[in-house]
Amino acid sequence: MSIEQVISEWEGQVGCVGFDHETGAFFSIAIHSRALGPAAGGTRAMRYAGFDEALRDATRLAGAMTLKMAIAGLPMGGGKSVIALPAPRNELSEATWRRILEVHAENLATLAGQYWTGPDVGTSAADMDVLHERSGGFAFGRTEAAGGPGSSAPETAHGVHVAIHAAIREAGFDDLEGRRVLVQGLGAVGYDLAARVAADGARVIATDLDAARCERARRELGAEIIEGDAVLATPCDVFAPCATGGVITAGVAAELPARVIAGAANNVLDAPSTADALARRRIVFAPDFVANGGGGIHLVGREVLGWSPDEVAAHVEGIGTTLSEVFELARHDGVSTERAARMLAQQRFEAPIAAPAAPSASTGRAAPALAE
Ligand code: NAI
Ligand code: PHE
């Protein structure tokens, strides 16, 4: 897909694109919507086959952030940063990575608060410390040592766990005791989620490209480890995709031997219409922008709305109520759960919008909204 195609098929703005000659990294910041507040979304740093693919990922992920913020009732819009790395993250020297963060921070500063970033695949709370300091404050999710609320991953895992429980009830079973839960990706969110479902008595099946993470899950959680290419053919009660997106295509939806899909991976469907094929097979799908909202609730709740950790946790529990509404609307209107969730998110744009509280770079707390 050409860059022209990526941009012309998208309704948002590309806030920034760039290339750093010193490191060979390509940068993009996609801003999908600022209707509910400044755009927010994490920084993803990984290898891509080409910059067109990276930019397409940024635009699609930014769109998912708009839906996520809207359905969670948060006063932010949707955006995303994607950095296409010159080599796998674990092969970059500290100096190269530091330089990449500094260039990204300059890009954030240029946008002057139209877009706020946070952690995502390939970036951590410690990286947010650097981005916050060097951009003039436009990064959520700094370490507690640096005055931030820490990683978004634990509350994301909490929310996905809540979503799994809502979805299994919709599928007709009440608990996870003895159920097979397949976790794809044992990173910051996936490992935490695997530990939570193991504590529920589930039989954890897991896979990751990183053998050490698999070994840890086998040792600590008693997980059965499977090869990556066996994931979509392994029977399970719950499939929890926690790696990258695009895993469920129409072909996969027609065959997947699972009863429930609920995970953290953003844009897990290759296209919204793929959810129709899941609905036809009565596979209960928890839309990812609802299920994985816990991280955004943590970051925006703590840093913009001034919530305590307990208030954040209570809002994350609310993901279960939102999903119940999604399932009920899907049943009532005879549409897929993805479609129903999009309809619910859309209602936030149709309701009269009170002036959104935009964060201030210096404090991270609410300040007067930016002029649109
Ligand atoms: P992470 O980078 O810590 O972990 C991702 C893991 O997936 C890594 O262990 C990696 O080796 C593994 N992986 C990658 N491709 C794989 C494949 N094909 N098969 C098996 N394993 C594979 O990322 P994190 O933070 O855990 O995020 C996971 C997903 O959740 C991402 O899609 C992210 O966008 C999404 N998400 C994360 C949030 C957060 O707060 N960290 C919030 C909402 C969504
Ligand atoms: N990257 C995470 C997500 O996709 C967490 C995040 C939320 C980061 C909001 C920045 C802003 O939800």
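Glycine is no exception: its Cβ is also placed from the backbone N, Cα and C atoms.
What TrEMBL records for this protein:
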- K80: active site, proton donor/acceptor (ACT_SITE)
- G185, L186, G187, A188, V189, G190: NAD(+) binding site (BINDING)
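Listed in sequence order, the recorded positions among K80, G185, A188 whose CB lies under 6 angstroms from an atom of ligand 1 come out as G185, A188. Between the binding-site residues L186, A188, V189, the minimum number of other C-beta atoms within 10 Å of a residue's C-beta occurs at A188.
Taking the C-alpha positions, the distance from G185 (NAD(+) binding site) to K80 (active site, proton donor/acceptor) comes to 21 Å. Fewest Cβ neighbours within 10 Å among the binding-site residues G185, G187, G190: this applies to G187. Using a 10 Å Cβ-Cβ cutoff, K80 (active site, proton donor/acceptor) registers 31 neighbours.
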